[in-house]
Amino acid sequence: MAVSSACNPQLLLSHKFPETTYTYTERDVAVYALGVGACGRDAVDTDELKYVHHENGQQFIKVLPTFSALFSLESLPDGLDLPGLTFEPRLLLHGQQYIEVHKPLPSNARIRNKVSLAGLHDKGKAAILEIETKSYEKESGELLSMNRTTVFLRGAGGFSDPSQPFTYSNYPANPAPAMKIPESVPFAIFEDCTQSSQALLYRLSGDYNPLHSDPMFAKVAGFSRPILHGLCTLGFAVRAIIKCICKGDPDMIKNISGRFLLHVYPGETLVTEMWLKGLRVIYQVKAKERNRAVLSGYVHLHRLASSL
């Protein structure tokens with residue numbers, strides 16, 4: 001197999017990721033919740049005040065399940081600076097995010113992250129890299145969540161024989177992310193406005209990629225202005241599902257899958273359409289001003305709300 005300078009699969013597959021630790025507090029949880037729009041339209045929203053305030057005397061604030069996506073970011077302090085991998089950072093696209101929530105997240109914790117290469121695929125013009133992060137509560141050793149992050153590295157493909165392109169995966173294939181959006185009327189629709197400063201607020205949770213804050217960097221990358229983080233859009237979508245389907249209970253979320261389709265500009269209105277299929281919620285998010293789908297996926301629930 002011919003290996004280009006862009007990607008050496010043998011080196012990547014043999015790389016051992018170091019374990020990392022990540023400590024967060026209630027302040028981090030609250031800043032994240034505000035970053036994904038909690039209480040953005042109503043500062044005393046009865047479904048969402050619990051994410052930022054000790055409502056009704058509760059001892060701890062509640063944690064949105066998508067907060068666990070931050071663990072995958074913190075588990076790679078050097079980003080994707082990996083042996084055997086060379087790529088242009090401006091050509092990186094966050095393709096998908098899959099999250100398993102094994103237990104409700106505590107409002108403050110010290111996390112131990114174990115990272116591994118979950119997949120590597122040669123798509124000719126691009127390489128697809130899948131990074132898996134398992135996050136454990138350091139004191140108890142309990143598994144809290146698992147993230148699988150999929151990135152497209154444009155220009156890093158073509159490192160194998162085109163007649164037998166290299167592909168590696170260490171988890172069972174799951175056809176669910178490729179599911180089609182139903183043609184029927186959605187079970188629920190939720191509309192939410194992002195703020196023009198949304199990306200600046202969300203970046204305080206740790207993703208300081210200048211694509212989301214620096215106008216010149218965004219223009220070089222091909223955008224008219226800085227764009228919203230994909231994981232911020234995912235946070236908006238899951239928050240809509242919790243509000244409309246879970247009736248405000250975040251602990252009903254079992255796992256989450258999101259496929260990023262198109263960028264979002266801060267200030268745009270996000271319309272989340274939801275279809276309920278048993279314990280699975282299929283969803284699609286559109287940028288209302290452009291009428292373009294920007295995110296799609298599904299959420300599995302532990303149970304249905306009694307009112308449903």
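The chain as shown is numbered from 1 upward.
Positions of Cβ are set from backbone N, Cα and C atoms, glycine also.
Those TrEMBL annotations? Automatic predictions, nothing curated.
The feature domain 'Peroxisomal multifunctional enzyme type 2-like N-terminal' is assigned by TrEMBL to 22-155. In the predicted structure, the domain 'Peroxisomal multifunctional enzyme type 2-like N-terminal' (22-155) carries a mean pLDDT of 92.
For 194-292, the entry in TrEMBL reads domain 'MaoC-like'. Residues of the domain 'MaoC-like' (194-292) grouped by DSSP class, helix first, strand second and coil last, total 35 helix, 26 strand, 38 coil.
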